[in-house]
Amino acid sequence: MKKKKIILMRHGESKWNKLNKFTGWQDIGLTKNGKKEAKLAAKLIKKNNFIFDIAYTSILKRAIYTLWIILKKTNQIWIPVYKSWKLNERNYGALEGLNKEKIKKKYGDEQVQLWRRSFTVCPPNLNISNKYHPIYDIKYKKLKKHELPTSESLEMTFNRVIPFWEFKILPQLEKNKNILIVAHGNSLRALIKYLGNISDSDIIDLDISTGKPLVYEFSNTNKPLKYYYL
């Protein structure tokens, strides 16, 4: 029986990553370096002979473009791809579009670290009059107003990512499918917290770099056995 494997990967560097801005739900494209990261990831995946049955990503183009590059470069563009807002980055509320260093100077390192890395703390809410509010984005027109976050903690992100894992992705793993998930720093932190049973206090130390394929191997009972970067 073949080993059950999933690759988790954060998108390549985005234009706002390069500018050190909070991005969240804003639909920002890749930099040249971000595209290069995706191509290098594809090279590693191909070198290690990973053949995928299915792929998942968010509805944000930095993740979608990264996935496209990987599938193209590994000659797997034909596999089924499913996109969901449930895999989006966490919503950074009123911080979206702002420079991280300027926010640190205004609020202090400790507060910004809590907003960025803690499990339960939310950034300030986004006002509905703000142009970055998701209500103005056509991608979310089918969602009800109460489903549109104006800010999210990692816990709130966890509460949308994990049901998607359990009801959409896990059934494919149970069928012995090899799966590729290209998502975002915090949607992946939420999933890794769940898979590794990481405590609320320890999750603050987990950071995920852009463009690095992380392999999870699972037992026949779908329990994580080990994980490693390619």
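Along the chain as shown, the residues are counted starting at 1.
Placed from the backbone N, Cα and C atoms, the Cβ positions cover glycine too.
Source: prediction; values computed, not measured.
Annotation comment: Swiss-Prot describes His11 as active site, tele-phosphohistidine intermediate. The annotation active site, proton donor/acceptor is assigned in Swiss-Prot to Glu89. What Swiss-Prot records for 10-17, 23-24, Arg62, 89-92, Lys100, 116-117, 185-186 is substrate binding site, and it gives sequence analysis as the kind of evidence. If you look up Swiss-Prot, you'll see His184 marked as site 'Transition state stabilizer', on the strength of sequence analysis.
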Between Trp16 (substrate binding site) and the residue listed as 'active site, proton donor/acceptor', how many Å separate their Cα atoms?
13
Using Cα positions only, nearest of the recorded positions to the residue listed as 'active site, tele-phosphohistidine intermediate' (Glu89, His184, Gly185):
His184
So how many other Cβ atoms are close to His11 (active site, tele-phosphohistidine intermediate), meaning within 10 Å of its Cβ?
30
Which one is it: of the binding-site residues Arg10, Gly24, Arg90, Lys100, whose Cα lies the shortest distance from the Cα of His184 (site 'Transition state stabilizer')?
Arg10
Among the recorded positions listed here, Arg10, Arg90, Lys100, His184, whose Cβ has the fewest other Cβ atoms inside 10 Å?
Lys100
Between Lys100 (substrate binding site) and Glu89 (active site, proton donor/acceptor), how many Å separate their Cα atoms?
16
For Gly24 (substrate binding site), which residues of its chain lie six or more apart in sequence with Cβ-Cβ distance below 8 Å?
Glu89, Arg90, Asn91, Tyr92, Gly93, Leu95, Glu96
Recorded positions compared (Glu13, Glu89) - highest count of Cβ atoms within 10 Å:
Glu89
If you count Cβ atoms within 10 Å of the Cβ of Trp16 (substrate binding site), leaving out that atom itself, what do you get?
20
Going by DSSP, is Arg10 (substrate binding site) part of a helix, a strand, or coil?
strand
Tell me the Cβ neighbour count for Gly185 (substrate binding site), meaning other Cβ atoms within 10 Å of its Cβ, over all protein chains shown.
19
